[in-house]
Amino acid sequence: MAYHSGYGVHGSKHRARAAPDPSPLFDDTSGGYSSQLGGYPAPGVDVAFNVNHLLGDPVANAAMAYGSSIASHGKDMVNKELHRFVSVNKLKYFFAVDTAYVAKKLGLLVFPYTHQNWEVQYSRDVPLSPRQDLNAPDLYIPTMAFITYVLLAGMALGIQKRFSPEVLGLCASTALVWMVIEVLALLLGLYLATVRSELSTFHLLAYSGYKYVGMILSVLTGLLFGSDGYYVALAWTSSALMYFIVRSLQTAALSPDSMGGPGSRQRVQLYLTLGAAAFQPLIIYWLTFHLVR
């Protein structure tokens with residue numbers, strides 16, 4: 001019994017001396033990246049290493065340069081296509097107006113019968129801006145007149161207790177649709193008649209938008225003096241606009257080359273101009289008669 005007891009004590013002491021030291025729960029990372037065996041580098045060192053490696057990689061630099069060139073090329077293509085349909089410089093030309101021009105142009109639209117020279121003036125083969133030439137078409141008056149027409153339509157509908165956002169939106173959209181149809185019809189007519197002129201889509205929009213001035217005067221007169229005043233103002237503004245359209249388009253559409261062409265072509269051009277002018281009273285009446293009761 002004593003032997004077994006001594007053996008047990010001796011074995012316990014041997015096991016106590018042979019037991020290894022317990023391993024630490026966490027590795028010591030105070031020595032930095034070089035002292036770690038199989039560990040991860042410090043975050044700051046890793047980011048700096050990756051950035052330096054990326055900037056120093058010729059393949060990455062080539063890819064970045066190629067991407068920049070593609071983006072620049074795409075931007076140039078977008079600008080080219082945008083200027084193909086809408087030229088900013090040409091659009092600025094149609095808004096180059098001042099107060100004196102607007103006042104004189106409104107007077108010309110209301111009473112054009114005493115105006116003599118209808119030709120657009122040029123300087124070094126470049127047409128003068130509207131502020132310098134009364135005969136030059138502009139988009140400022142049509143734009144402001146359209147906005148005024150929409151506001152006046154809302155007021156007229158409100159006086160008649162028929163105002164609603166839907167009805168007002170229908171008036172505005174109908175006016176825009178008719179103007180687009182008119183411009184497309186004129187472009188098609190000019191193409192079929194093979195007219196050589198300087199008329200562009202902006203020119204046709206300007207001439208088509210001048211009708212809103214007559215529409216405003218007709219509706220205002222109708223609200224002040226009733227239906228009789230409306231029809232009198234409609235007749236006056238329609239005849240004035242027809243005269244203005246005929247003289248303006250005849251001068252702008254008939255270039256010297258086309259004037260010397262066959263007589264049949266000149267007749268087609270004259271019919272086109274008269275048709276565009278005769279269409280104006282119909283549109284004015286269609287867009288304003290329901291506003292006056």
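Cβ atoms here come from the backbone N, Cα and C positions, even for glycine.
Source: prediction; values computed, not measured.
What TrEMBL annotates here:
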type: REGION; residues: 1-25; note: region 'Disordered'
type: TRANSMEM; residues: 139-161; note: transmembrane segment
type: TRANSMEM; residues: 167-192; note: transmembrane segment
type: TRANSMEM; residues: 204-224; note: transmembrane segment
type: TRANSMEM; residues: 230-249; note: transmembrane segment
type: TRANSMEM; residues: 270-288; note: transmembrane segment
Of 139-161, 167-192, 204-224, 230-249, whichever stretch has the most CB pairs under 8 A to the transmembrane segment (270-288): 230-249
Interface-richest range of 139-161, 167-192, 230-249 toward the transmembrane segment (204-224), CB pairs under 8 Å: 139-161
